[in-house]
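Below is one structure, written out as structure tokens, with a few remarks after it.
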Amino acid sequence: MQAAPSAPVRQPIPSVGQYGRPKQEHQHVRYNPLRDDWVLVSAHRVKRPWQGQLEKPPPEDVPRWDPKNPLCPGATRANGEVNPKYEGTFVFPNDFPALHPDAPEPDDSDHPLFRAAPAQGVCKVMCFHPWSDLTLPLMSLPEIRAVIDAWAELATELGASYPWVQIFENKGAMMGCSNPHPHCQVWASSFLPNEARLEDRTQRQHLSEHGVPMLLEYAEQEARRKERLVVENADWLVVVPYWATWPYQTLLLPRRHVCRLQDLSDSEKDSLASIMQRLLIKYDNLFEVSFPYSMGWHGAPTGAFLEEDCRHWQLHAHYYPPLLRSATVRKFMVGYEMLAQAQRDLTPEQAAERLRSLPEVHYKKRAEEV
């Protein structure tokens, strides 16, 4: 009878791999428990020469007020309505909405492969500030707090009727923003969108299996580990998530268990304004450009879900910026990313370290002080 092999001697893991690169730069895949999928991390690829498309940096000379800009105070919009001469935030119905509250229901399907379902809703636009040459990182803390208050009010108002209220900002022409004025959009729908349904399932499963909300546990872990932390304060922290897909993607998380934006206390809204400003200043300082991104809030569903147990949810905001190497070189999600799975070109730890090391005074204000 052959003797059982002895246990192998455990050797220390070398810090440099067989190809001469640090071990953490070798390709590997990471699991995203929030989306139940994987991302390929290939940090060495960021060093490859780039001869592809170069983006045009955003203009630095945006006029403060332009009568032809439909988001400016006193300007006439495409539907002929004239904006009031607002001095703070301004909310109005989207003139070209993707959702209508009275849309007719589709015809019944005659085959399971050709299914349709009703979709009603409302779409609103919210201007952050009357000046077109400002963005959130250049606004004052009271002005950012006013934006947060308006977000919470809209979430409450629309959430009384609709199960999902999606607040999102597309910043910069690179992210499809068609107007150089600080603003966001709010879409309320009669259905749970794909991302909401997915996060509902994964967070519900995590609470069932582990007894703690997923993102509450995750925030506690990241606060302790520090390596992906970008900024933090008493109520909030921002990390480049372990499973980040976009180069400088971040996740904004509260430290306590809170399900919805409208559940925040006044002090938490103040500290949220502060940490948003700090993060967005770092974003702009990275390449000394008005940093493009798409961001949005995810929280527990509303409408009929207000009467249900949503303890598995934890409020959070996603920031998805596309820039990779400079103000003109972006990450493209094409080819392998579209046909196989997401892939990133530097580790989340590298991205977090770079963001963390940046100053918290905006580059434009530093230039003014010189």
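Just so it is clear, glycine is given a Cβ too, placed from its N, Cα and C backbone atoms.
For 1-26, the entry in TrEMBL reads region 'Disordered'.
Annotation source TrEMBL lists domain 'Galactose-1-phosphate uridyl transferase N-terminal' at 25-193. In the predicted structure, the domain 'Galactose-1-phosphate uridyl transferase N-terminal' (25-193) carries a mean pLDDT of 90.
When other Cβ atoms within 10 Å of the Cβ of C177 (UDP-alpha-D-glucose binding site) are tallied across all protein chains shown, the result is 17. Positions annotated as UDP-alpha-D-glucose binding site by TrEMBL: 45-48, A78, 94-95, N170, 176-178, Q185, 331-332, 336-337, Q343.
Around the Cβ of H183 (active site, tele-UMP-histidine intermediate), 21 further Cβ atoms fall within 10 Å across all displayed protein chains. If you look up TrEMBL, you'll see H183 marked as active site, tele-UMP-histidine intermediate.
The feature Fe cation binding site is assigned by TrEMBL to E199, H298, H316, H318. Around E199 (Fe cation binding site), taking its Cβ as the centre, 24 other Cβ atoms fall within 10 Å, counting all chains.
Annotation source TrEMBL lists domain 'Galactose-1-phosphate uridyl transferase C-terminal' at 200-366.
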Going by C-alpha distance, which of the binding-site residues D95, C177, K331, E337 is nearest to H298 (Fe cation binding site)?
-> C177
Quick one: Cα separation, E337 (UDP-alpha-D-glucose binding site) versus H183 (active site, tele-UMP-histidine intermediate), in Å?
-> 30
Taking only the recorded positions D95, H183, K331, which one has a CA atom nearest to the CA atom of H316 (Fe cation binding site)?
-> H183
How many Å lie between the Cα of D95 (UDP-alpha-D-glucose binding site) and the Cα of H183 (active site, tele-UMP-histidine intermediate)?
-> 14
Residues lining the Fe cation site besides E199, H298, H316, H318 (CB within 8 A of their CB center) are L34, E195, L215, L251, G296, W297, G299, A317
Cα of E199 (Fe cation binding site) to Cα of K331 (UDP-alpha-D-glucose binding site): how many Å, rounded?
-> 25
